[in-house]
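Feature annotation from TrEMBL assigns transmembrane segment to 6-22, 42-62, 74-96, 128-150, 170-189, 201-219, 285-306, 318-341, 347-369, 412-429.
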């Protein structure tokens, strides 16, 4: 393995250590023992769920290539996953609100385990079924667990600010440390132990089974609709009405779709971008490097959200602009760096520059997740939380499906240019969200004062 990979990895470890050990009192939140026990339980479960996902991450594209499928075939498999998430995601989100977030969290484990089993077959239709199951599981992962957490957090009477601590820690570990370990484990299973590219998927199934057992025996159930009397159509109408009537919710959904659309496009493109001529890339180690970058971002997010005077809506504008610049780097590389024509070999100079940009983007991803979770907890109504969160994924999945369907028609630089535009648009919408949010806060304050004057005219 080239020294370049070690240098990038080591530099990020040093920066992360500096961030963690330099935290002052104002960067930390004082909590209660009961909350800490609750938080630790959720983080354990979330980390196991993410481990099941991350173990597969580095080798999804590689496994399909191993089975002999080209970029177009692989693109259609990815489309099946995002398409199923779009078609079934809102329905399963509504199930979570109506029938219970714990129940649907356990369903995630079962569905994803079945998806892992399909990877043992090289038949295209079986792999397609696996992608469909994986798409359904993804919708559950990014709605049911967060909805359960937010509802249970406030049900137990914990301080609202403590929620940001759970979010940042869950992303720091689940999207960071666990992902790094998963990447290295996957690399060891495939490379060092020679168990083949399907072995990480078997490891993922075992991890998900452990998480399923913990959820089953330690989580209480909670619902979005306590009465359980609303049908699916009624839930969809309520969610759609909430989005249409509140500009903040609509803006949040658009921002999430633009950023996650770029993120999932990046997931598909990073492998061919770093090895356009079949260069020998250590996928597991590069993946671990990306996750270390994500840890940097989540560590920084925890410091930013711990400061009550610093608004999430404000600093996220800058995060989106930086992420746009980071994915624009491969576009410049394609024009400024002489392309390599030889097949195979080690990573090229252009690949090295792109890797640095990708690490910066992953740092922004680490900042994005806990920050968007905090905004969702503030703006999305509890009774339709899972349904609305999966509504947000509809435009996201449409966007990604269009991109992947046309992935063979355009150069990779064009795809990254499109992602850059999406992220710049997200920054503009984030600015609008901040303005609307501040106006809403001022209007609420004026209304409260008017109400006080009506009840007590002598009150100043």
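Any Cβ shown, glycine's included, is placed from N, Cα and C.
Quick caveat, the model's predicted, so the values are computed rather than measured.
Listed stretches 74-96, 170-189, 201-219, 285-306 were compared with the transmembrane segment (128-150); the greatest number of C-beta pairs under 8 angstroms is found for 74-96. Through the fold, the transmembrane segment (347-369) approaches residues 2, 4, 8, 12, 167, 171-172, 175-176, 259, 263, 266, 270, 273-277, 279-281, 286, 289-291, 293-301, 304, 316, 319-320, 322-323, 325-330, 333-334, 337, 339-340 of its own chain, all at least 6 residues removed from its boundaries and within a Cβ separation under 8 Å. Of the recorded ranges 42-62, 74-96, 201-219, 285-306, 412-429, the transmembrane segment (6-22) has the largest number of C-beta contacts under 8 angstroms with 285-306.
Stretch with the largest number of CB pairs closer than 8 A to the transmembrane segment (42-62), among 74-96, 285-306, 412-429: 285-306.
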